[in-house]
Structures are given as structure tokens and as C-alpha cells.
Amino acid sequence: MRSFLTLGQFIIENQKDFPYAKGELSRLLRDIGIAAKLVNREVNKAGLVDILGSADATNVQGEEQKKLDVYADEQFIQALRSGGECCIVASEEHEDIVCIDSHISSTAKYVVCIDPLDGSSNIDVNVSVGTIFSIYRRISVDGKATLDDVLQQGDRQVAAGYVIYGSSTMLVYTTGKGVNGFTLDPSIGEFCLSHPNMKIPESGQIYSINEGNYIKFPQAVKNYIKYCQEEDSASNRPYTSRYIGSMVADIHRNMLLGGIFLYPSTSSYSKGKLRLMYECNPIAWIIEQAGGKAISGEGRILDIKPETLHQRTPAFLGSKAMVEKLEEFIAATN
Ligand code: AHM
Ligand code: MG
């Protein structure tokens, strides 16, 4: 029988690589892994809620049944609160920062930005969803952590990852020393190292974009899409279009097969849809750590200076050669 390294074992073995190795970041990652398992359990029975729940949407314990994105948010915040390593959370589910005021976390050093259940509109139709997280060291030295602790540039992340609740559930993360992927083995309830040292192919044949918005895209993006669709045997075009509408799932596929994911500005939304702090920054760092490229159209995503918690940015991420080709189109229209 093959033996796998579990996420817990892997974290401990690699703890020495962390810049401030005292075990706190390891424990934080472990806490996120535990919450992910709880969320996975609920996501897996999403279709059963109407069958098992009573008409007034209460479960057998008499608790009100929550929407899964609210449930996921509660699980992650609860795990971070009881773990004691995180002082402040920025979540897609909360307009303001969530300060974790407990006797344990007053000295906690880490800040977590999280999208607890990204692509949650896909749950009702049994399509993959994900969790995206980003971890920073707190800047302030004492007192209560503040918004300034959260609004750090993406290149200051100390860990970032995503969980994909798909046909199998995977946790993929980086601490700046490459990217490793762990698949949840439901029979033992452990994430096991299945994709060590993930590398995104240098180029690919998949482009992922919501083409329904085509008319609203900037000219450079329209030109690039046309390029993807043109026939050219030397570069294996036309490319294949694949868009799930769940960023984690689209990114994960492109990580494995090679490809580019695009969410540009549109004539309706000048910054696109995706949020910088808990969607674009963590995914951008993972893509870069896997050898790919992640840009906003005006430079590297990780170089953006954040101004507000829920700010948005156009995002183009994926195989290096494909993103660089897109950059040529952007340069040509500027
Ligand atoms: P959400 O955080 O509200 O779920 O929205 C983010 C999701 C991404 O996962 C996905 O890439 C994108 O929204 C899809 O948006 P659209 O339907 O506009 O293509
Ligand atoms: Mg989201």
C-alpha cells in the first residue's frame, strides 16, 4: 500500500521553512484545514437539505438551516478564533473587519483574508465551489489589530491557498516555497499530499472567461479572444473555451492543464468583479509560485496597493506564455 503524507505531517515537516518558525503559522494552516473539512461535509449534502430539513428550515437539532456561504464563514471564523493564532479576519461575508477578541488572540500575529465559499451560486446546481484564503503577518505591534493590518500588498502574504469542493476535495497552498496540493481522503478524513510541487504548464490551450459579457469588454481583451479563436496549427489554435463560473475550479483546472483565466473590467464595472484581498491576491501568489503569471492589465496583481477591504480588480492569471501574449494585446491598444 502506498503511504501518503497528511497535511498535518507535511506542515510539521516544512515548518522549518517558515520565516518565523514558532509553529503559529503551522497551527493556523491546520485550523483552516479543519474548517475546510467541516465545510466539505455540509457542501456534500447540499442537495439533501430540502429532503432532510423540515418545512421551516430547521434541522433535527432545532437549529436554523443556514445558507452554505454563511455556514462556511462561521466555520472558518470559529476555527480561527479557537486556534488563537489570528487577530483579525477580513471575509467576503462581512462588510467590516472581524476582530478576534479573545484572551488567546490578543497576542496573535496573523491576519486572515478569506472568501469562505466562492462561487456559491453554483451549489444549487451541484457544481464545484471553493474557499480562498490569504494570510499576512500583523503589522501593528500591540493593541487591537486594525484595518491597516489587513490592507497589505499581496506580495507580503506569508501563506495563501484554496480549497476546491469538487469531484474530490483538495486543499492547495503555498508559503512561498512552491505549491502543494492535498486531496481529502474521506475514508480517513485527512488531506493527503497528492500533488507535490505543482507547476502550471508554461503554455496551454484553454481560455476561461464569461464571454456573455463580450460586448462590454475592453478592446484588448476582445482582440485576445479573437486570437484564441483563430485557426493556427503552429500554436494549436483555436483554443478551447472552458468557464465554470467558480474561480477556484477554473483556476485549478488551468493549473493542471495549462490555460488562462480572465475577468476584465467591463463597461458596467470598471474594476471587474473579483475582489483583490481574498480572491485575486491569494490566487495570484499561488499562480506565480507555480511558475505562472498574474496581472491586472496595469501590472502585477501582487503589486497593487490596497485601499479598501472589498476593492475589486481586473484579473488575468495563468500560464506564463498565455498571459504574456495577452500583455502584447494590451500594450498594442494602449
Ligand atoms: P462570488 O464571490 O460572489 O461567488 O463571485 C465570485 C465568482 C467567481 O468564483 C467566478 O469566477 C465569478 O464570480 C463568476 O462571475 P460571472 O458570473 O460574472 O462570470
Ligand atoms: Mg467570491
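Using N, Cα and C of the backbone, Cβ positions are placed for all residues, glycine too.
Nobody curates TrEMBL annotations by hand; they come from automatic prediction.
Checking the candidates K144, K226, K271, K273 against TrEMBL: the one annotated together with D118, G119, S120, S121, N210, Y243 at the substrate site is K273. The Mg(2+) 1 site in TrEMBL is built from D115, L117 plus one of E92, E93, E95, namely E92. Binding site for Mg(2+) 2 per TrEMBL: D115, D118, plus E279 from the candidate set E231, E279, E288.
A 10 Å radius around the C-alpha of E92 (Mg(2+) 1 binding site) takes in these binding-site residues out of D118, S120, S121, N210, K273, E279, in sequence order: D118, E279.
The helix, strand and coil residue counts that DSSP assigns across the domain 'Fructose-1-6-bisphosphatase class 1 C-terminal' (200-329) are 58 helix, 21 strand, 51 coil. In the three-state DSSP scheme, G119 (substrate binding site) is classed as coil.
Taking CA atoms as the reference points, G119 (substrate binding site) and E279 (Mg(2+) 2 binding site) are 11 Å apart.
Closeness to ligand 1 is met by D118, S120, N210, K273, these being the binding-site residues among L117, D118, S120, N210, Y243, K273 whose Cβ falls under 6 Å from the molecule. Listed binding-site residues: D115, L117, D118. Those with a CB atom under 6 Å from ligand 2: D115, D118.
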